[in-house]
Amino acid sequence: MMTVAAEIRGSNPEKLLAPVLSAFWDEDESWTLDVYRRHEGYEGLRKALAMAPDDLIAYVKESGLRGRGGAGFPTGMKWQFIPQGDGKPHYLVVNADESEPGTCKDIPLLFANPHSLIEGIVIACYAIRSSHAFIYLRGEVVPVLRRLHEAVREAYAAGFLGENILGSGLDLTLTVHAGAGAYICGEETALLDSLEGRRGQPRLRPPFPAVAGLYACPTVVNNVESIASVPAILNKGKDWFRSMGSEKSPGFTLYSLSGHVAGPGQYEAPLGITLRQLLDMSGGMRPGHRLKFWTPGGSSTPMFTDEHLDVPLDYEGVGAAGSMLGTKALQCFDETTCVVRAVTRWTEFYAHESCGKCTPCREGTYWLVQLLRDIEAGKGQMSDLDKLNDIADNINGKSFCALGDGAASPIFSSLKYFREEYEEHITGRGCPFDPAKSTAWADRTEVKA
């Protein structure tokens with residue numbers, strides 16, 4: 001497990017990082033209850049249980065915590081939507097189905113510090129009056145599944161789950177559910193269908209999950225990092241949380257730095273930090289190379305170039321620059337990377353993972369792949385570039401969920417910034433890039449030669 005927070009915090013005079021969730025990832029057995037309690041674990045829960053549920057929701061709302069799964073919707077407001085006194089059971093579902101290319105923050109968090117999530121779940125369930133919560137985990141990550149099961153067992157044994165938690169009268173059952181590997185189940189309503197035992201496909205909304213979610217009952221669906229951030233807010237205070245980040249995007253978050261960089265890993269910092277600052281503190285791009293393009297929030301967000309190095313990485317800053325913060329998956333590519341090749345691979349992923357429910361997404365992603373493969377192989381025509389734009393435009397905003405939008409984003413942005421590179425594939429009858437040079441071992445191979 002790589003953690004860079006402690007090292008950089010000690011050596012960087014600006015102290016740009018804000019390790020909270022990742023503060024003790026580098027300790028031995030950081031995932032255990034004993035280590036978590038040494039770092040004030042479950043103290044936030046004690047303070048939460050001393051508040052009335054409605055006051056707790058208002059407190060989280062006032063903290064300014066926004067969803068960390070991509071959309072950035074205020075967490076407290078989502079909790080507030082749950083109707084009270086309706087006589088129905090309420091559910092909390094944690095979306096841990098992290099599957100998008102480049103997105104890799106929730107899995108390390110669950111692996112290194114699962115109790116932060118469990119504590120956050122208990123707090124959230126107390127707030128929304130829920131007695132049953134679920135963690136929907138991506139099925140392929142079996143080591144994380146085992147670690148989660150062990151953490152849940154520890155929490156039950158210590159009285160943080162089960163009946164009459166800490167003498168508060170709160171009863172809570174927590175179920176860990178492993179998905180079957182479908183990316184579409186990361187969409188909240190498809191996730192609920194999957195959890196109910198049906199094929200994962202997005203639902204028509206309204207009704208929204210807050211009214212009719214799991215088993216047609218009021219349900220809150222939150223991201224792992226969103227819920228795991230709640231205990232620190234309760235323990236250290238909303239003013240402490242708001243002292244970090246920006247006015248409209250307060251607090252800390254995990255940035256996943258990957259690609260052609262010298263120091264890939266999870267960097268926990270206040271919202272509003274820039275990629276330039278993150279690269280400066282992590283060693284920059286790999287030696288001898290320069291940044292060509294990057295994604296601010298995973299493959300589903302419009303790409304940026306080196307012109308955007310100083311864009312504040314918060315919801316407003318990235319949005320104003322023409323993209324989305326998304327999951328803060330900062331994939332960085334240097335000048336050896338073929339944009340057409342990268343976009344083709346991403347589009348192949350979306351075509352494969354489309355559930356097929358919506359015709360624009362099902363058919364559109366298929367035809368995008370056919371055109372991109374032809375262009376990459378040197379068989380394309382100039383008219384194909386406008387055709388790519390047209391097909392992407394017919395997908396964007398015309399499906400039940402955002403998978404189609406995610407497939408269209410790289411098409412629009414790559415043609416905007418790198419149209420000449422597409423044209424070079426067509427006029428030059430093939431890709432001018434050597435794929436081997438963009439591999440992690442390319443420079444080592446050249447040195448040996």
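Glycine is treated like the rest: Cβ placed from N, Cα and C.
DSSP classifies G69 (NAD(+) binding site) as coil under the three-state reduction. Within 10 Å of the C-beta atom of G69 (NAD(+) binding site) sit 23 other C-beta atoms, taking all shown protein chains into account. Look at Swiss-Prot and you will find G67, R68, G69, G70, A71, G72, F73, P74, T75, G76 tagged as NAD(+) binding site.
If you look up Swiss-Prot, you'll see 179-226 marked as FMN binding site. Other Cβ atoms within 10 Å of the Cβ of Y215 (FMN binding site), summed over all protein chains shown, number 13.
Cβ-based neighbour count (10 Å, all protein chains) for C355 ([4Fe-4S] cluster binding site) stands at 21. Marked as [4Fe-4S] cluster binding site by Swiss-Prot: C355, C358, C361, C401.
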| request: Report the member of V221, C358, C401 (the binding-site residues) whose C-beta atom has the most other C-beta atoms within 10 angstroms. | output: V221
| note | Simplified DSSP label at G179 (FMN binding site) comes out coil
| remark: One residue among the binding-site residues G67, G197, P209 has the fewest other C-beta atoms within 10 A of its C-beta, namely G197
| said: What is the set of residues, excluding C355, C358, C361, C401, whose C-beta falls within 8 angstroms of the centroid of the C-beta atoms at the [4Fe-4S] cluster site? | reply: I184, Q201, P202, S354, G356, K357, R362, S399, F400, L403, G404
